[in-house]
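J.: Pasting in a structure now, in structure tokens, and then I'll have a few things to ask.
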Ligand SMILES: Nc1nc2c(ncn2[C@@H]2O[C@H](COP(=O)(O)OP(=O)(O)OP(=O)(O)O)[C@@H](O)[C@H]2O)c(=O)[nH]1
């Protein structure tokens with residue numbers, strides 16, 4: 001499903017981002033740790049909390065690298081570790097005696113990161129819940145202490161600063177919420193675009209490429225042929241007397257035949273080959289990196305597979321096939337004109353056979369039936 005593919009790509013991108021953040025986080029903590037230790041500002045709490053955070057981040061990085069199927073754990077662990085650290089560090093700074101302004105301010109620097117990472121790496125519900133918990137655990141304790149507890153001996157600027165920050169963090173969460181909504185709608189439109197892109201390239205009855213999509217593949221491979229990078233052949237095939245099947249057995253049977261035909265064709269091809277429904281009961285196979293002779297052999301294999309398939313009782317289905325190889329002077333149109341002539345030759349020669357293009361090089365009908373027909 002395209003939507004699943006889009007979502008998976010996005011998850012992989014987020015995991016890579018999380019891994020980069022873990023590495024950056026570990027580096028940042030190591031630098032801050034050494035700077036504070038050097039300046040004598042390292043608090044007793046940070047002496048242990050910094051290495052603990054680094055170990056947790058290293059664990060998340062290991063999970064993301066070696067057990068990507070456990071990436072969800074790494075996301076939750078990384079976000080909770082950061083939030084837990086911020087809550088304890090902030091409360092320590094505010095309520096430790098003596099009051100520690102340096103630790104308070106340096107912790108507040110990082111507080112927005114606690115909210116931001118949650119909205120990036122968790123789903124919306126988890127991000128909101130964990131942000132509410134972070135908010136309550138930081139400002140709730142301040143409010144509780146100021147309202148009911150023993151007023152801490154803070155300098156005058158701390159109370160207004162904390163009130164200001166309490167409001168700023170609410171605004172911060174609202175902005176993050178808006179961004180995550182935009183992100184969700186962007187992801188949804190990406191998925192819709194992907195579905196529409198698929199629909200524009202697919203034949204609804206058989207699920208094969210349609211003519212427009214095949215034309216793009218032909219143009220791309222034709223360019224490679226012109227550069228001399230690799231050969232390319234095409235096989236144009238058409239169900240024989242298909243009108244009779246429709247007329248005698250009804251349109252629904254005709255549709256079933258086309259569907260079975262497409263899966264039979266698919267089963268005979270390599271993944272590098274391209275198969276399209278070229279028109280009503282006409283299919284086109286693009287065979288990259290393959291010359292005329294090998295493509296004729298493939299066409300013959302396909303013919304035989306169809307002729308000997310287990311069709312509905314009384315319904316013998318055969319196909320005629322034309323094969324052409326792209327030459328250096330060919331345009332896509334001239335190549336298609338030649339393969340069309342080859343198909344016409346197969347039809348004229350009695351159907352249920354393979355005919356190679358007419359060319360200056362030796363190329364002849366390969367089917368056993370063709371040689372007799
Ligand atoms: N059931 C069904 N029939 C289709 C579809 N598309 C085209 N057809 C029919 O395919 C038939 C093609 O008929 P013709 O072009 O006369 O070719 P034919 O009867 O196969 O004869 P030859 O190609 O000469 O062997 C027509 O009756 C179309 O209506 C489709 O999607 N479903």
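Glycine is no exception: its Cβ is also placed from the backbone N, Cα and C atoms.
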J.: Match it up for me: which of 48-67, 188-207 does TrEMBL list as transmembrane segment?
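T.: Per TrEMBL, the stretch marked transmembrane segment is 48-67.
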J.: Before we move on, state whether the transmembrane segment (161-179) and the transmembrane segment (102-122) share at least 3 Cβ pairs under 8 Å, counting only pairs 6 or more apart in sequence.
T.: yes
J.: Tell me the residue counts in helix, strand and coil for the domain 'GGDEF' (230-359), as DSSP assigns them.
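T.: Summed by class, the stretch gives 59 helix, 31 strand, 40 coil.
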